[in-house]
Amino acid sequence: KTGGKAKPLKQPKADKKEYDEHDMANIQKKKEEEKALKELRAKASQKGSFGGSGLKKSGKK
């Protein structure tokens, strides 16, 4: 019997890719969009649950 797993858990890191200006611009744009989304989520969570349960109906008829 051999102990442990046959394959190593960590994969060897891929060598860094060469990016041109176009790729770098796209990566930067993606990062900024993600950052903006995170900020919006944080603001929404601070205000409380809105839109989560839909319109709340009053008990009166």
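The count begins at 1 with the first shown residue.
Each residue, glycine too, has its Cβ placed from N, Cα and C.
The region 'Disordered' annotation in TrEMBL covers 1-23 (among others).
For the compositional bias 'Basic and acidic residues' (12-23), the number of residues in each DSSP class (helix H, G, I; strand E, B; coil) is 3 helix, 0 strand, 9 coil. The compositional bias 'Basic and acidic residues' feature in TrEMBL is assigned to 12-23.
Residues or ranges marked as region 'Disordered' by TrEMBL: 38-61 (among others).
Beyond the ends of the compositional bias 'Basic and acidic residues' (12-23), by six or more residues, the same chain brings no residue to a C-beta distance below 8 angstroms of the stretch.
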